């Protein structure tokens, strides 16, 4: 059968296939490198470079076999024997439906399954072209089951693995000995699982599609053992020296900082003489500032009878810590009157960078000659570090240096004060490495009021009987120790690269599977598509995936690596390894599984174990709803395009 009159559909198909590959790169590649970027082991640029390399290699070596299912496993192609043009139009429609929904999901920063997109789109066009009897509905049942099986199974495996790592390594006072002992096991598991996955999938170009399962398992175990021995005899000694060097360097820097600070404090300056706890104490509680710089030399009474305390003054001393209560009064916040109705205390340790910044800022305020036009040269206070609004209240540092209308375009995670109004976006508080120094959790509720700004500040440290919760434990668990970071740093990069390689082989079929079907139908003039997948088509899909990653991939990477829950190298490695193991096991025993759903389930499970409040459950709800609507929405888009082609274009061609 000569199909030259349908050459236009092939051309349109190639264009749309690139857009589809672009959408897959923008959305699905976050599965591989989202956690690595979130934990900080690689930058976004490095992740894009590594993912581009491994996605392309994986798509060429592994993509051919996986594409068979997408082309023939969802619909009965024999029903199109006498209507080849309808099948070609259907493949174009499927690519449009899948691409549109994945681009929408990427715009919304929601990770969705590329496989489910193309399956839903294929079902959509087939319902319009032939009817319900053309669809293999069991595939749809498996997809629905995977919504629950994938995240649950992967979450359980990730949680169990992370609890083991937490118990044997992270919770130890010195995690290095146990970490070094476990390192060969981790490398062996990573290599073994991923090698088995690659061999089990089969690479037609390498002649691996005929490997029996027992040979695949034996070869994977052998390679894993070899890597374990290499790590034990070469990597572990090198890692031990590197960790010792890092700790020695950190200790030297800490001593230098302490000596420098002590030397400064010994100088005969009024600034340090007046600072509470400047000598002889490891911690000081700095009070709120007075309502204006000029009032710092004298105390005033506030409405409730408490004393307003200037810089470096204290109202009371308890157990060597100087505390200043401040309640139901007002203070000056960069020229704006701010009211507070809560007691505010804040402990600042002398060995922290925050303490030194406070000293420096106070010194600058004291030595200024011209107070008529003060300048605020402080850095922007961002929600993601220790400079929160209560820190600003303590040292008189504004949230932003100016309050002009042009300042509205600030980073979305900053708190913004604009004139007499407040633009405040409530987000989940994230703790960082400063939490070991600042053991107070503050929550700010800022409301715009006529005639000024009302700020409600609360610090749990001020409560003599604080609630017995695990907030301090969560602070400590938020960041890995430097030794743990080094142990898991390269491990997470390795698992991410393997995951990217496997993803390229699996998901390139979602991008160019319909295009391969379209090309083979056009070449052979029939619907059976007996020829093998051309390598150049796989490479074409790989290039499209990389383009999408570079242009738009950061959106979903941010969701997977940062927004859903904070990631550390240890938790990121756990997520990568457990989700990969889940995919391999579930695929081998016939359970319906989705890589995207597995990764999201692992991220949520590990995040919940590390800190009960660390998971953004609202975001997870939105992701789950996106999974739920993926198949019907992609199917509707595809069905609409198919109806236009079948009834509006093909009859007139």
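Just so you know, glycine gets a Cβ as well, placed from its N, Cα and C.
Sequence annotations record features per position, and here Swiss-Prot assigns compositional bias 'Low complexity' to 290-303.
A coil conformation is recorded for residue 81 (N-linked glycosylation site) in the three-state DSSP classification, outside any helix or strand. According to Swiss-Prot, the feature N-linked glycosylation site maps to 81, an assignment based on sequence analysis.
What Swiss-Prot records for 275-310 is region 'Disordered'.
For 1-5 (among others), the entry in Swiss-Prot reads topological domain 'Extracellular'.
Look at Swiss-Prot and you will find 27-46 (among others) tagged as topological domain 'Cytoplasmic'. For the topological domain 'Cytoplasmic' (27-46), the residues of the chain that approach it from at least six positions outside its boundaries are 54-55, 102, 105-106, 111-114, 488-490, 492-493, 496, 499-500, 503, 507, 510, 545, 548-549, 553-554, 556-562, 566-569, 571-572, 575-576, 595-596, 599, 603, judged by C-beta separation under 8 angstroms.
Marked as topological domain 'Extracellular' by Swiss-Prot on the basis of sequence analysis: 68-86 (among others).
Swiss-Prot lists 131-142 (among others) with the feature topological domain 'Extracellular'. Sorting each residue of the topological domain 'Extracellular' (131-142) by its DSSP state yields 9 helix, 1 strand, 2 coil.
Taken from Swiss-Prot, the feature topological domain 'Cytoplasmic' applies to 164-187 (among others), supported by sequence analysis. Residues of the same chain lying 6 or more positions beyond the ends of the topological domain 'Cytoplasmic' (164-187) and with a Cβ under 8 Å from any Cβ of it are 227-229, 231-232, 235-236, 239-240, 243, 477, 480-481, 483-484, 487, 491, 494, 570, 573-574, 577, 609.
According to Swiss-Prot, the feature topological domain 'Extracellular' maps to 209-217 (among others). Each residue in the topological domain 'Extracellular' (209-217) has a pLDDT score, and their mean in this model is 78.
Look at Swiss-Prot and you will find 239-483 (among others) tagged as topological domain 'Cytoplasmic', backed by sequence analysis.
For 505-532 (among others), the entry in Swiss-Prot reads topological domain 'Extracellular'.
Residues of the same chain lying 6 or more positions beyond the ends of the topological domain 'Cytoplasmic' (554-572) and with a Cβ under 8 Å from any Cβ of it are 26-27, 29-31, 33-41, 44, 47, 105-107, 109-111, 162, 165, 169-170, 430, 478-480, 484-485, 487-489, 491-492, 599-600, 603-604, 606-608, 610, 614-616, 619-620, 623. The topological domain 'Cytoplasmic' feature in Swiss-Prot is assigned to 554-572 (among others); the stated evidence is sequence analysis.
Residues or ranges marked as topological domain 'Extracellular' by Swiss-Prot on the basis of sequence analysis: 588-594 (among others).
For the topological domain 'Cytoplasmic' (611-622), residue counts in helix, strand and coil come to 6 helix, 0 strand, 6 coil, using DSSP. Look at Swiss-Prot and you will find 611-622 (among others) tagged as topological domain 'Cytoplasmic'.
In terms of DSSP secondary structure, the topological domain 'Extracellular' (644-653) contains 9 helix, 0 strand, 1 coil. Taken from Swiss-Prot, the feature topological domain 'Extracellular' covers 644-653 (among others), and the record attributes it to sequence analysis.
With a threshold of 8 Å between CB atoms, the same-chain residues lying at least 6 positions outside the transmembrane segment (6-26) that come near it are 55, 85, 88-89, 91-92, 95-96, 98-99, 102-103, 106, 114, 507-508, 510-512, 514-515, 518-519, 522, 540-553, 555-556, 653. As annotated by Swiss-Prot, transmembrane segment applies to 6-26 (among others).
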Cβ neighbour count within 10 Å of residue 81 (N-linked glycosylation site): 11
The topological domain 'Extracellular' (505-532): DSSP-derived helix, strand, coil residue counts: 20 helix, 0 strand, 8 coil
The transmembrane segment (47-67) touching the transmembrane segment (484-504) per 3+ Cβ pairs under 8 Å rule: yes
The transmembrane segment (595-610) and the transmembrane segment (533-553) contact flag, 3+ Cβ pairs under 8 angstroms: no
Best-contacting stretch, by C-beta pairs under 8 Å, relative to the transmembrane segment (573-587) and drawn from 47-67, 143-163, 533-553: 143-163
The transmembrane segment (47-67) versus listed stretches 110-130, 143-163, 533-553: most Cβ pairs under 8 Å: 533-553
Long-range Cβ neighbours of the transmembrane segment (623-643) (under 8 Å; 6 or more residues past either end): 89-90, 92-94, 96-98, 100-101, 105, 108, 110-113, 116-125, 127-129, 140, 143, 147, 559, 564, 597, 600
For the topological domain 'Extracellular' (644-653), distant same-chain residues with Cβ under 8 A (at least six beyond the ends): 5-6, 8, 85-86, 89, 92-93, 128-129
